[in-house]
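One structure is given below, encoded as structure tokens.
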Amino acid sequence: MWPPRFPPPRPGMSEETRQSKLAAAKKKLREYQQKNSPGVPAGAKKKKKIKNGHSPERTSASDCQSAENVPTDHTAPAPPSTAAATMFLGVVPSPDADLIQSHDAGNCSNLMEETKTFSSTESLRQLSQQLNGLVSESTSYINGEGLTSSNMKELESRYQELAVALDSSYVTNKQLSSTIEELKQQNQDTLDQLEKEKKDYQQKLAKEQGALREQLQVHIQTIGILVSEKAELQTALAHTQQAARQKAGESEDLASRLQSSRQRVGELERTLSTVSTQQKQADRYNKDLTKERDALKLELYKNGKSNEDLRQQNSELEEKLRVLVAEKAAAQLGAEELQKKLEMSELLLQQFSSQSEASGSNEQLQQAMEERAQLESHVGQLMESLKQLQVERDQYAENLKGESAMWQQRVQQMAEQVHALKEEKEQRESQVQELEASLAELRSQMEEPPPPEPPTGPSEAEERLQGEVEQLQKELEGLTGQLRAQVQDNESLSHLNREQEGRLLELEREAQHWSEQAEERKQILESMQSDRTTISRALSQNRELKEQLAELQNGFVRLTNENMEITSALQSEQHVKKELARKLGELQERLGELKETVELKSQEAQGLQEQRDQCLSHLQQYAAAYQQHLTAYEQLTSEKEALHKQLLLQTQLMDQLQHEEVQGKMAAEMARQELQEAQERLKASSQENQQLQAQLSLLVLPGEDMDQEEQDEEVPQPSLTIPEDLVSREAMVAFCNAAIARAEEEQARLRVQLREQKARCRSLAHLAAPVQSKLEKEAVVPRDMGDSVSEESNQALHVAMEKLQNRFLEVMQEKVELKERVEELEHCCIQLSGETDTIGEYIALYQNQRAVLKARHLEKEEYISRLAQDKEEMKVKLLELQELVLRLVNERNEWQGKFLAVSQNPADVPAPVPTGSQEFGAADQQGDLREVSLADDTEPAQGEAGVPAPQENPTAQQIMQLLREIQNPQERPGLGSNPCIPFFYRADENDEVKIMVI
């Protein structure tokens, strides 16, 4: 009977439940071994079968087979008797008994059925042998070997009995065959159920096997190691028992040493806790010192500023002293002069008193009295100023005394702090020396040579003690590392103390310097007091000089202020002048270009004026010729009235033709018809009329075309209006650019118009040339020919000349207006370009300032983000440190519990035989997953017998590393490598940082 299965331990199972289950499994295994202890060969047989891979069920089946085959093997081949037949029949098992045995056997039902069938065939074989014996006897009887009747009767009775037995055996065989079939069906059903259960069980095993395979491998390795150690331990058991008696005293010594070492470890832990608390206090004290250092830095900064202010005040006071010394010298000179004047005035008074009849004595007396009153008032003012100076001197001396007392108190406080730090340093050094001495003692105790061991192997108690000693050595090494870290921290603290001592020395030097300055100031004040007597004598005579000095000082201050204002104004004006010079250079370039264009235009205008003068001279000639022709035309009034009316109608029709093309064509046809009729009527004047009409058509058509072009070209002058909704500079720049573009377009259009006007003037000149030549020819023609010229042609010429003259004047006036407009537009363009340049410069300055401010803002944001990141990192490190400390405390508590258990129960060491049972129990606790052969697995390496030592716990090293990182943040690549603005920050309740930049 195998021990019951135990489920594998859960990963979250506690240590106590695991130990209780292990104890229960060990008890059950011991009971099982006690039960199976008498049947040792059976156990060996089971071990062999386990090794060969067979199950115990097969052993039971083989036992059943051997038990049933025994009677068949021992039956004799002789013909049996009735008793033997009955015995044989009794040997055959009944089906009910077979069923009960199959149900009791469980897994060996198939083997039992095989034994049943085997026994029935054996019985049939025996019956056939008996029948063959009877047949052989009958044949012998037939051959002559006669028998008696009694034998025959016996044989017959025997035969009858055998027949009855055959019938009964036949019936029993049928029953057995039916029962065998039923059992086969049941066996098949049970086999199917078993296969299903096996499949389910295999699936469960496959699921559980993956999780438990690693544990099984570990247990297999440990079992192999223990099996390999079992023989050695059994052989060494006697030796160890003898050695145990010898080493009982040694174990007691070791126990006493362990107790002393534990006490020492407890003391070391206490000292370490005290050192850690002292270190925390030192860290807090360092933080307080850093805060005080920052406050002292601020105070030093403020004191430096106050020093600078005081130095400036000292320099001002020295200058005032120099001025006062100069005033004193001048006052002494003035006093001497005034004494001389007084003597002279006294002499004059005596003279005036002696000469009472003198007329101007009263006036001189009044002047002397006025001068005396002025001197007295001046003396009063000087006394008041002296009192004010004394009050200021007293206040300054009191301030100096208060500052010197404050600095002395600060120096005393810093000296006391330095003294306290020195005492703490000495205490820590003494503690470190004591710890080092205790460590040296422990090392000497650990390094003492152990007593010679017997040839037999060490006991488990000694191994455990050695393991505990090694663990204690490791803990001592950890404590030594912590002590070294503490020593390093103490060295860093001593270094900080040295730095603070140096700073204190610097502060003391500054205080001495201040005291020396105070002494110098006292000397200056004493000298001022000594000079006070002399100044008080000269105060009565220094009023006028002081007033002059005050006036001069006021004038000097005014001049300095004016000079500063003038210099600032000059700088601004120089900047403006530079900009204006640059703009003037650009404007001069533009003006040069415009001057060139204006010169070209002026040359063109001069050419046009010359053409105008020529045209006017021609027109005057035309007017003279016209007056000559008028005298000739007066005679032809009666005959030419109708023609004149027709010409007027014709001119009107020509005007309509110019404005309306279609009507003009019809009117032209009508005029041509009327002209043809008139030509028929006036054959004499037809040639002259045709010439005049041709000239009029040449003169009138371009003039009217020009009128139309003028009407078409009369465009309203664009007025430059600045909108009121311009707020931003960008909109102003866009508006200026648009206005400049419009002005350039208008300038181009005006240039095109000028070119067209020039072309028109040229065409008019070309038109006027033939008219002028004709007039000159007509002037040369005699009066007789002039009589032939019609009056209507002269009138038409006169009208054409008037139109031409008016058109020329209008063209010139338009040209002048266009020039003025061009100049205005150029002026507007210059102004707009200047404004755009200034706006562009302002925009560039604004962008530069904005970029600088943005860069500073980005730097501040980066610095704040770095500080926040450092703060988060410190929080994470503190959390890690807390977790590591808790872990270290838990581990130490566990080790202390183990040590206490070992020290309280040093003799409760288990024997080597129960260790094997323990391992078997642990193996059985994991579950009967597969059968392991334990008989032949006795060949593992001897080096694997020892249990591997536990790994070092790195929590203490991590704690020390985190403490170093927290104490020395400069080791991390942070803000120390980058230059930054010094400022102090403090997080409030909402974790918001308020920054005070210095």
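First residue shown is number 1, and so on along the chain.
A Cβ is built for glycine as well, from the same backbone N, Cα and C atoms used for every other residue.
The compositional bias 'Low complexity' annotation in Swiss-Prot covers 72-81. The feature dimethylated arginine is assigned by Swiss-Prot to R18, R30, with similarity to another entry given as support. Annotation source Swiss-Prot lists phosphoserine at S37, S66, S273, S438, S697, S933, S977. Here Swiss-Prot flags 1-86 as region 'Interaction with p115/USO1', drawing on experimental evidence. Annotation source Swiss-Prot lists region 'Interaction with GORASP1/GRASP65' at 988-998, citing experimental evidence. Annotation comment: Swiss-Prot describes 26-49 as motif 'Nuclear localization signal', evidence class similarity to another entry.
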Helix, strand or coil at R30 (dimethylated arginine) [DSSP, three-state]: helix
S273, S438 as modified residues, winner by CB count within 10 A: S438
Cβ neighbour count (within 10 Å, all chains shown) around R18 (dimethylated arginine): 13
Nearest-integer angstrom distance between the alpha carbons (Cα) of R18 (dimethylated arginine) and S273 (phosphoserine): 34
Average model confidence [pLDDT] within the motif 'Nuclear localization signal' (26-49): 59
Alpha-carbon distance [R30 (dimethylated arginine); S438 (phosphoserine)] in Å: 49
Cβ neighbour count (within 10 Å, all chains shown) around R30 (dimethylated arginine): 13
Pairwise Cα distance for S273 (phosphoserine)/R30 (dimethylated arginine) [Å, integer]: 48
